[in-house]
Structure formats: C-alpha cells, structure tokens
C-alpha cells in the first residue's frame, strides 16, 4: 500500500468512525429528550392514577359527568373484575361491530370518492387490528378506506383502544393501592383516560404536525404533472395530521399511507421524526415513572425507568451498529452503512432508534423498510417484540411490567427464604399462577402459529427471501400480532385470508386474554390489607432487584424463542459472516 492509498484508507476509516459516534450521540439525544418530557408528564399521570383532580379537571370534569349521566354510570359505582372486564369487552365488541359494518358499506357513505374497498377477511383483520391497539395493516393503498372510514373508524378506534388500555392500568393500580374489594368503574376510567390525558396531548401534537407541514384536509388528492415522464399522477391527501397525532400519542402505529412514517406526508424531516418518536414514548415511559409517586417510593419508579432504558439502549445500539456495519461481502454500506429502504433525510441512527422505540413500546410505526434491514439490525428491533414490548402501550406497559415484577419477586423470595410481597401486599399462589399464565401466553401465541404456517406449502410459496429469512419474517409477523404491536416486516403477501384471520385471532387473544389475567390479579390484590408502610420481604426498588428483573425478562422473554432466533436471524447473520470468511480465504 503506497502513501496515497494509505492516506485514503485512513480518512475513510476516520469518517466512518465519526459517523458512528455522531449516530450514537443522536440516539442518546432522542432518549434524553423523551425521558425529560416523560418525567414532567409523570406527575400528571400520577394524579390520574390516584383519582385526584388534574389541570384539565375544571373543563373535563363537566364533560365526563355529562357522559356518565347519559349512560347511567357513576365513579362511585365500583366494579369487581367480572363486571369491569365484561363491560370492557362489550364496549369494545360493539365498537368493533359498528366499525366492521361501516367499512363494509363505506362506498354508500359520505366522502367515499374512488375508494377500492376491502374483502371481508381484510375488513375483519383491519377492525380487530385497530380495536386492539395493534394497527397491523395488511393493506398499503390509502384508497382502500374512504375519508369517512379513516376519520370515524380508524381514528375513532385509535382513541378507543388507547383509552381502554389506560383504563385497565388505572384499575390494576387501584387494585394494588386500595383494599375496597373493587377495581373501579370502567366507563369512568375510560372517560378520564380520554379527556384528561389522551385528547389534550393529541390536540397539541396535531397543531405541531400541521405547522410542520403535514396535510390536514378533506380534499381527496392533488393532481401532479411529472416534468420528466410527462405523466399525470394523483397523490392522495386527507386528514393526515389528526390521524398521525393519535397514532403516536395512543401508541397505535397505523399510518394513513402504506409506507407509514417513511412517507413524506406523514414524516417529512428530522424534526417531525423526533416529535413523533417522543410522542409515542412519552405516555408509556411517564406511566412507569409515575408509579414511584403513586406508591410513595420514588426509587421504585427510577428502578423501572433504568430497567426499561437498559433494553432501550441495548436494542438501539445493537440495531444501529448492525445497520451501520452493513454487509461488507456484498459491498453493502461499507462506508455509508446500510441505507437500503431508509430515507436519506433521516439516516441510519434516526431510523433505528425510531424502529426500536416502536417495538419497545407497542406502537409499531416505521420510518424505514424493515425487510431491508441486515440480520443484526433486525435482531435489535425484534428483541422488543419477543419481550412483549417492555415499555408497552398506553396503560398496557404498566400491566406487562408488573407481570414480570410479580414473577421476579416470587423467585427472589424463594432464593433468600422469605415470603413474597410487593407494595406491602402478600403475593399468593393465585397471583403467581395468573402472572405465569400471562408470561407464557405470548410465546405460545407466537410459536404455535409459526410452526403450523411452516408446514403449509402454498403459503410458503408467497415468500421471496431464503429459508432463514422466511422464519424471521414469520416470527416477526406473529410476534407483532400477539404483542399488539403492529410493526410489519413484510417479505411475503400478508393480505391472504389465512393471515388475515389468523393474525386477527392472535391480536384478540394477545389483548383480551392477557388483560383478563392481569385484572384478575388486580381484583385479588384489592381485597388484601397492606402491612406497615415501607415493610417488604425484599427491597423492590434497589439496583439488585432491577438486575434480577432484567434477568427474568431475558430468561422468560427471550429464551422461549431461542431455537427460532437461531434458525432465523442468527442463521442469516452467521451466513453473512461465513461468506466474509470465505472471501477472506
């Protein structure tokens, strides 16, 4: 190597290292901004969990009282688990039924324009997807839904699913902190969730997105004459900003356009990318931090924050360096990283932190084509799905993390020979049984359908990638549906009756079966008397318990899928590594 070649090599490596450092800094900036805003919001959420008045109560209190009088409910009417869950199910069922009929007959309703429509299986999948806060979209054409369907059904279900999730978390927290024998009133909790938390934040975000250039109109499309091709194109418009706001605030994730946040009308630049990331992280993160205020132990909230941040930072850096390294054997991204399927205005670091944030939470939004990620990059994104979204969605994150906490307290107490207790409440066999059922249900909902699908030849013929990639794509599809995430990797034709109905069933079970287990635990806690304040068998707020909690999440959440991970993304990763070794030899 002569001097000129050496100098060129040196500067190439220097700029690569510089971009790597800047990428890590960008990821940390995203997390710091989200953490600061979540900390501020946590005080507001704590008041909601404690059934106290908030800054919006003077206005929203009258609205909530009006709706309660209209339906004949009162916050003083406490419900047991059975009453609470049945009312939750009936409310969601009738909302889903009405939504299904609206989409089925949308061509006869206002603002239908040139709507293509949906098949019954796709209609079922779409309604269930948005009803369960999953937002898994097996369609990509915005013309399949009319503006009336987008506004009345899609946006409406986004509010409903987010409100239902947070109401369930209010019931769970109430079951732990009170001993009244009931877990609250579902309709009151739902209305408080909507009017005191979700709606105000959605309005604020909508204004920000409109000012940032995201369209908000009832105009169907604009006609553009392409200068180079001399062709006429119709570019769909619509009430994008409104849907985009609740999509992120409600951790829904379903986009107005098929490309989701990779489409410039949904996410035009770095500013909207940052705003949307913060907006779908802020409520789940603030909810966990607020638990320290609710239970009178700030260290408990900080412990939960750092547990979640461990997975957040690890997954983000793993995915970033996996994408930044590219695939050298294919000369893919040797200097620039793997930019395939990513927006040049956003880049690798902002794409990966967005994707990881969407799977650590239950949002599932995407600003890049996940099918074009490297095997290492997709592992970083996939970890969140396999852990059933550690940060969770609006409300559901609190439910999910407590299942791990109860299990960890039980194991840790056995290790030191003490009785398991949490928040001064004795953990009995009933809580252990239902928390364990909750933790093992998710892997079963993923592994069983995956094995069945692999044995059906005509379904596998729709895949375009090699065998190991097919396993990864199926694992991603079913993990996304079962965890109510909605993130889509693609790589095969998802709009088939088999996948539409199967994913629909997985979404329903992943949402309501787990929620039933969790509310049963809340009911069980609600009849127990707490011991003296701050008395516990083991300290659940120190760093040692945090490490045990991380270990439990890894052992239960990830090892359940280890054989599939080996046959899927790890095999693809090793295959790339072997090719590199052969090239070197």
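Positions of Cβ are set from backbone N, Cα and C atoms, glycine also.
Checking the ranges 423-443, 444-464 against Swiss-Prot, the transmembrane segment annotation falls on 444-464. As annotated in Swiss-Prot, transmembrane segment covers the listed stretch 194-214 rather than the other ranges in 173-193, 194-214, 215-235. Counting Cβ pairs closer than 8 Å and at least 6 residues apart in sequence, the transmembrane segment (345-365) and the transmembrane segment (275-295) reach three or more and so form a contact. Away from its own ends, the transmembrane segment (23-43) comes close to residues 274, 277-278, 281-283, 285-287, 289-290, 293, 301, 305, 309, 312-313, 316-317, 320, 324, 347-350, 352-353, 357 of its chain (Cβ-Cβ under 8 Å, at least six residues beyond either end). Proximity of the transmembrane segment (547-567) to the transmembrane segment (397-417) is established through 3 or more Cβ-Cβ distances under 8 Å for residue pairs spaced 6 or more apart.
If you look at the transmembrane segment (85-105), the same-chain residues 6 or more away from its ends with a CB under 8 A from one of its CBs are 79, 118, 120, 123-124, 126-128, 130-131, 145, 148-149, 152-153, 156-157, 160, 164, 167-168, 186-187, 190, 512, 515-516, 519. Non-local neighbours of the transmembrane segment (152-172) in the same chain are 48-49, 84, 88, 91-92, 95-96, 99, 102-103, 127, 130-133, 135, 145, 183-184, 186, 189-194, 197-199, 202, 239, 242-243, 246-247, 249-252, 254, 283, 287, 393-399, 402, 515, 518-519, 521-522; each lies 6+ residues outside the stretch with a CB under 8 Å from one of its CB atoms.
Within the chain carrying the transmembrane segment (275-295), a Cβ under 8 angstroms from the stretch's Cβ atoms is held by residues 30, 33-35, 37-46, 49-50, 166, 169, 173, 176-177, 197-198, 201, 205, 208-209, 212, 244-245, 248-249, 251, 253, 261, 267, 301-302, 304-305, 308, 353-354, 357-358, 361-363, 365, 391-395, 397-398, 401, 423, all 6 or more beyond its ends.
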